[in-house]
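What Swiss-Prot annotates here:
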BINDING   11-18, 58-62, 120-123  GTP binding site
DOMAIN    3-170  domain 'Era-type G'
DOMAIN    201-278  domain 'KH type-2'
REGION    58-61  region 'G3'
REGION    120-123  region 'G4'
Amino acid sequence: MFKSGFVTIVGRPNVGKSTLLNAIMKEKLSIVSCRPQTTRNNIQTILTEDNYQLVFVDTPGIHKPKHKLGEYMVKSASDAMKDVDLVLFLINPDEKPGRGDLFIIEQLKEVKVPVFLVLNKIDENPQEKVAETLKTYSELMEFEEIIPISALKGKNIDLLKELMFKYIPEGPQYYPEDMIIDQNERFIVAEIVREKALRLLSEEVPHGIAVEILQMKKNEKGTYHIEGNILCEKNSHKPIIIGKGGSKLKKISQYARQDIEAFLQSKVYIRLWVKVKEEWRDNQSLLKELGYKNMK
């Protein structure tokens, strides 16, 4: 008997959805940063085992939108809860249910599929706090399963997989067994660069950056030559991203190259520039060019 199902992970921004997905896959597939809203596009990730296939949709965190990109991110996360077989609602025990959580719960009450409550970061919180959080959320909604985990340390991830297998239906293998992600290489490369930029930049440049891959060529020796732009919204942000004598941009390039080489399994040369694109997050045509799907 072979089983297959689509699973979506939802939760407030920065709750650890991408870290959880990476723990399940044991691969660095989804951009992970300490900043909220770092996942901007639905990424379908495929886990194939001998007797089942799980297709995960890693969504942006649900938040109040402030621009067209924000509107897209919220719609993208909400749409992901439709037409799936299982929903994982990820929370942190050290945070009381806020307006965002209550908004998500109201949406979850409308779905017709099993919903798991997954408590992350249990290793960072006392048992009393975890128990208190469980009680609070259980009173707000009934969940098919409640699983405490540590996504960062991999605790109870195997248990979570076993429970997901239990709830998904019998079905075909939708993707080839060697396929782990449905985004193209350029998208992944751009996300890796953006992650490094977010990690290295100060709070002066929050989410107003994007990465545009201009060229990605592989020579006869198997080496990739990549060129790209880091886009920012303000002229004042450009020198911050570049750094003194180009030091910050150089670090972004170095750290990105290491992860890109691991992803592509090839040697990589990368050159990055910084360009100012004012209000790019409200530019629908540019958002489409940057890979944000279904923009209307």
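Here the Cβ of each residue, glycine as well, is placed from N, Cα and C on the backbone.
Using a Cβ-Cβ cut-off under 8 Å and counting only residues 6 or more beyond its ends in the same chain, the region 'G4' (120-123) has close neighbours at 15-16, 19-20, 90-94, 130, 148-153, 155-156.
Residue density at G11 (GTP binding site): 23 other Cβ atoms are found within 10 A of its Cβ, drawing on all protein chains shown. Taken residue by residue, the domain 'KH type-2' (201-278) breaks down under DSSP into 29 helix, 28 strand, 21 coil.
For the region 'G4' (120-123), the model gives a mean pLDDT of 89.
Cβ contacts within 10 Å of I122 (GTP binding site), excluding its own Cβ and spanning all protein chains shown: 21. Counted within 10 Å of its Cβ, the other Cβ atoms near K17 (GTP binding site) come to 29, all protein chains included. Cβ neighbour count for N14 (GTP binding site) (all protein chains, 10 Å cutoff from its Cβ): 17.
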